[in-house]
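Among the features that TrEMBL reports, domain 'Hcy-binding' is placed at 3-291. According to TrEMBL, the Zn(2+) binding site annotation covers 211, 276, 277.
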Ligand SMILES: [Zn+2]
């Protein structure tokens, strides 16, 4: 099967992804302790309005509201038995509003459980959970899978294996990195060279970094990655680190604050750009302008 999205990347196009989902749902009424994915069946019009806003802001790719759609994660809300339906609806709602020539990415985040040998969840069980999620997202009509915010090779590997066992669609895989005293690595100690080597061996189509501490760390991470790989690179920075003010979570990196660093990212021949926590349609508009060569 030939992917239009991958063809566009090999033709040299830079594709623009969307911004945050979680923080946008909170702005539109999701309360602390409520399940974001439940909105796909209880308030589909809200989820669709976020998808629409991102397409209208210029996103080529919008991610489904399914980041926490694994059984382990949904079990926090006693919704594990709804996993298939919640994921399928996340994708179906996006597909319904996706304009011609643009794309839907099936978002898959960590299970929230720690994998063996350090924790309770077996690798087989993790693979099964990711398989169920990937099958549902594929049925809902996604064009690509985004496996994101991973911090261990074990869980990343389980997710990639699961996706590849149920679908031929392209796979993008991103870790969340932070800057420590010994350089850039995930919270579980995966450094950039190990991440690139692992993802390349696993046969992903696109690799990169998402979430984390904001644009500076993402920029340094992509600089390291670009030296190590010719694969397409995806970067979705947070709008800085979250801070709680009067019980409300705020992010400080406005579109203007990020603008110069986004230019630097583009200069590194990044292939897919977007935003993670705290970014909104206004960040995406700024990125659209820069990709289109306006406002340089
Ligand atoms: Zn994030």
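Residue 1 is the first one shown; counting continues down the chain.
Using the three backbone atoms N, Cα and C, a Cβ is placed for every residue, glycine included.
Of all the binding-site residues given, namely 276, 277, the one with the smallest number of surrounding CB atoms inside 10 A is 277. A strand conformation is recorded for residue 211 (Zn(2+) binding site) in the three-state DSSP classification. Averaged across the domain 'Hcy-binding' (3-291), pLDDT in this predicted model comes to 96. Secondary structure at residue 276 (Zn(2+) binding site), taken from DSSP and collapsed to helix, strand or coil, is coil.
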